[in-house]
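Peer 1: Have a look at this one.
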Amino acid sequence: MPSRLLMMHIMVFRLLFGFVLPLFPSSVLSNQLEFGLQSSSSALPNPSGLRVGFYQYTCPNAEAIVRDEMAKIISQVPSLAGPLLRMHFHDCFVNGCDGSILLNSVLGLPSEKEAIPNLSLRGFGTIDRIKAKLEQACPGVVSCADILALVARDVVVLTKGPHWDVPTGRRDGRRSVKQDALDNLPPPFFDAGRNLYQFFIPKGLGAKDQVVLLGGHTLGTSHCSQFSDRLYNFSGTMMPDPSMDKRYVPRLKNKCSSPGDTTTLVEMDPGSFRTFDASYYRRVAKGRSLFTSDQTLMNDPSARAYVQRQAAVADAGAFPAEFFADFAASMVKMGGVQVLTGAQGEVRRHCAFVN
């Protein structure tokens with residue numbers, strides 16, 4: 001689809017759904033989710049301006065350098081896999097995949113790094129290390145935005161997940177504003193329907209992309225503060241979220257001993273939080289996911305069917321072929337959101353600073 005038509009398409013969806021969602025009855029929301037989940041994410045074209053092998057002639061070893069460095073880093077610090085995957089999400093959802101999440105604050109103007117949803121991100125030193133290696137090999141060629149996309153793919157592969165070809169050619173943005181992150185990142189305490197229409201659809205991502213990308217929560221941990229309301233005061237009731245498994249609530253309370261706990265980390269997919277697989281969907285199906293944004297996928301028939309299908313695969317110990325293929329396709333799709341290409345933006349020499 002030409003870029004102008006694509007932007008018009010996104011604007012129409014924003015106007016139709018981003019502001020008038022409360023006017024739709026639940027049956028309409030369910031129908032929209034069902035439509036999105038039935039559409040296929042496979043065989044997606046490369047995002048406009050990007051292509052697989054973009055650095056084939058200008059920096060032929062670029063992807064090998066990233067892969068080799070990531071293999072060393074994950075072997076030494078496997079807990080970085082989740083945060084590095086999450087960093088790519090947080091970059092793309094805020095003004096597109098332009099590496100803006102990596103920029104430091106300047107002149108008293110707080111950058112995206114300073115926004116509350118990003119305070120728990122880790123791995124910036126990893127990106128700097130890889131960038132330094134690439135600058136040694138090919139000065140001024142490989143963008144920080146592309147490094148994030150390649151790193152996200154490689155951490156998934158290194159944790160036994162799927163491989164996909166990453167279209168590259170992104171350029172780095174020069175803007176990074178704290179408020180932009182607050183305005184564009186889907187909160188874990190919003191329900192899935194609200195996040196879909198407020199954050200995913202305006203970026204050209206559909207209901208299937210949402211349920212698939214949330215499967216990335218199989219990797220990593222979360223601070224108690226991100227979900228403590230579901231344990232202690234759901235919707236102002238002073239009670240736990242009734243959608244949570246009642247047998248699981250006491251176990252979480254033992255880890256998150258108070259509503260104000262801002263330091264304790266909890267595995268998002270206990271027992272498998274360092275392995276990329278479909279087991280997170282088992283948590284969602286059993287009412288054991290940490291976030292409202294994930295658990296409320298079960299409120300929609302089509303999303304629930306996808307969750308239950310992947311949960312059954314995980315329960316059987318089978319290879320999650322459908323989820324792996326869907327995740328790869330949705331990552332390529334997300335990686336093309338609002339990218340800068342050609343003469344737009346720049347290729348930063350250091351990812352934390354504009355040139």
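Including glycine, each Cβ sits where the backbone N, Cα and C put it.
Pulled the feature table from TrEMBL, pasting it below:
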SIGNAL    1-30  signal peptide
DOMAIN    49-355  domain 'Plant heme peroxidase family profile'
DISULFID  Cys59-Cys138  disulfide bond
SITE      Arg86  site 'Transition state stabilizer'
ACT_SITE  His90  active site, proton acceptor
BINDING   Asp91, Val94, Gly96, Asp98, Ser100, Glu112  Ca(2+) 1 binding site
DISULFID  Cys92-Cys97  disulfide bond
DISULFID  Cys144-Cys351  disulfide bond
BINDING   Pro186  substrate binding site
BINDING   Thr218, Asp269, Asp277  Ca(2+) 2 binding site
DISULFID  Cys224-Cys256  disulfide bond
Peer 1: Which residues, same chain and not among Thr218, Asp269, Asp277, have a CB within 8 angstroms of the centroid of the CB atoms at the recorded Ca(2+) 2 site?
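Peer 2: Residues close to the Ca(2+) 2 site, other than Thr218, Asp269, Asp277: Gly215, His217, Leu219, Ser272, Phe273, Thr275, Phe276, Ala278, Ser279, Tyr280, Ala314.
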Peer 1: Which one is it: of the recorded positions Cys144, Asp269, Asp277, whose Cα lies the shortest distance from the Cα of Ser100 (Ca(2+) 1 binding site)?
Peer 2: Cys144
Peer 1: With the Ca(2+) 1 site defined by Asp91, Val94, Gly96, Asp98, Ser100, Glu112, which remaining residues of that chain have Cβ atoms positioned within 8 Å of the Cβ centroid?
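Peer 2: Surrounding the site, in chain order, are His90, Cys92, Phe93, Asn95, Cys97, Gly99, Ile101, Gly173, Ser176, Asp180.
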Peer 1: For Cys351 (disulfide bond), just count the other CB atoms lying within 10 A of its CB, please.
Peer 2: 22
Peer 1: Which of the listed recorded positions (Val94, Cys138, Cys144) has the least company, meaning the fewest other Cβ atoms within 10 Å of its Cβ?
Peer 2: Cys138
Peer 1: For Asp269 (Ca(2+) 2 binding site), which residues in the same chain are close in space, meaning a Cβ under 8 Å from its Cβ, but six or more apart along the sequence?
Peer 2: His217, Thr218, Leu219, Ser279, Tyr280, Arg283
Peer 1: Measuring CA to CA, name the entry from the recorded positions His90, Asp91, Gly96, Pro186 that ends up nearest Cys351 (disulfide bond).
Peer 2: Asp91
Peer 1: Run through the Cβ atoms and count how many others sit within 10 Å of the one on Arg86 (site 'Transition state stabilizer').
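Peer 2: For Arg86 (site 'Transition state stabilizer'), the count of other Cβ atoms within 10 Å is 24.
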Peer 1: Looking only at the domain 'Plant heme peroxidase family profile' (49-355), what is the model's average confidence as pLDDT?
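Peer 2: Mean pLDDT for the domain 'Plant heme peroxidase family profile' (49-355): 96.
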Peer 1: Take the C-alpha atoms of Gly96 (Ca(2+) 1 binding site) and Cys144 (disulfide bond) and report the distance between them in angstrom, rounded.
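Peer 2: One finds 13 Å between the Cα atoms of these residues.
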Peer 1: If you draw a 10 Å sphere around the Cβ of Cys256 (disulfide bond), how many other Cβ atoms fall inside it, taking every protein chain shown into account?
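Peer 2: Within a 10 Å radius of the Cβ of Cys256 (disulfide bond) lie 23 other Cβ atoms.
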Peer 1: What same-chain residues, at least 6 away in sequence, bring their CB to under 8 Å of the CB of Cys59 (disulfide bond)?
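Peer 2: Looking at Cβ-Cβ distances below 8 Å from Cys59 (disulfide bond), excluding near sequence neighbours, one finds Leu134, Ala137, Cys138, Val141, Val142.
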Peer 1: Around the C-beta of Cys97 (disulfide bond), how many further C-beta atoms are within 10 angstroms, looking at every protein chain?
Peer 2: 29
Peer 1: In Å, rounded, how far does the Cα of Pro186 (substrate binding site) sit from the Cα of Asp277 (Ca(2+) 2 binding site)?
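Peer 2: The separation of the Cα atoms works out to 23 Å.
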